[in-house]
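Everything below concerns the one structure shown next.
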Amino acid sequence: MIAARLRSFGHAMRGGMTLLKTQPNARIHLVATVGVVVAGAVWRISPGEWALVAVACGLVWMAEAFNTALEFLADEVSLERREGIKRAKDVAAFAVLVAAGAAVGIGAVVFGARIVAMF
Ligand SMILES: Nc1ncnc2c1ncn2[C@@H]1O[C@H](COP(=O)(O)OP(=O)(O)OP(=O)(O)O)[C@@H](O)[C@H]1O
């Protein structure tokens with residue numbers, strides 16, 4: 001039982017490594033996530049602000065992971081140009097865009113005034 005759970009965890013971690021190895025966008029998310037965590041620690045943001053930041057980062061990682069999973073699956077189905085695959089990939093890419101937009105909005109709310117105060 002516990003061994004099976006640990007195996008599932010291993011599969012998920014392998015997925016995370018695949019995401020980082022194959023997707024330049026995921027590496028940008030990693031840098032952004034580290035940057036936001038460092039900024040949050042330096043500015044001592046409140047627990048509520050940490051919660052917002054966690055939701056924003058989680059949303060972006062989740063959207064990117066599902067987008068990449070769909071791209072892998074679509075490319076297994078066919079590498080030929082297909083209208084259905086185009087639509088599926090475009091809609092999945094839109095999900096990443098929406099998540100990134102929400103994260104930028106949350107970043108502006110949490111860090112905007114602090115960044116402006118630096119100048
Ligand atoms: N088999 C296909 N048939 C038709 N259009 C496709 C196909 N594969 C990709 N496309 C088009 O090219 C775009 C980019 O697809 P690709 O698989 O190269 O993803 P990507 O460059 O990794 O994009 P992202 O930055 O969203 O991860 C898709 O959004 C889609 O419009």
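Positions of Cβ are set from backbone N, Cα and C atoms, glycine also.
Pulled from TrEMBL, these are the features on record:
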- 26-45: transmembrane segment (TRANSMEM)
- 51-70: transmembrane segment (TRANSMEM)
- GLU64: active site, proton acceptor (ACT_SITE)
- GLU64: substrate binding site (BINDING)
- GLU71, LYS89, ASP90: ATP binding site (BINDING)
- GLU71: divalent metal cation binding site (BINDING)
- 91-117: transmembrane segment (TRANSMEM)
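Within 10 Å of the C-beta atom of GLU64 (active site, proton acceptor) sit 22 other C-beta atoms, taking all shown protein chains into account. Remote same-chain residues near the transmembrane segment (91-117) are listed as 25, 36, 39-40, 43, 45, 49, 52-53, 55-57, 59-60, 62-64, 66-67, 70-71 (criterion: CB distance under 8 Å, separation of at least six residues from the stretch ends). In this structure the C-alpha atoms belonging to GLU64 (active site, proton acceptor) and ASP90 (ATP binding site) are separated by 13 Å. Around LYS89 (ATP binding site), the C-beta neighbours below 8 angstroms that are at least 6 residues distant in the chain are LEU70, GLU71, ALA74. Neighbour counts were taken at the CB atom with a 10 A radius for the binding-site residues GLU71, ASP90; the maximum falls on GLU71. According to DSSP, ASP90 (ATP binding site) is assigned to a helical segment.
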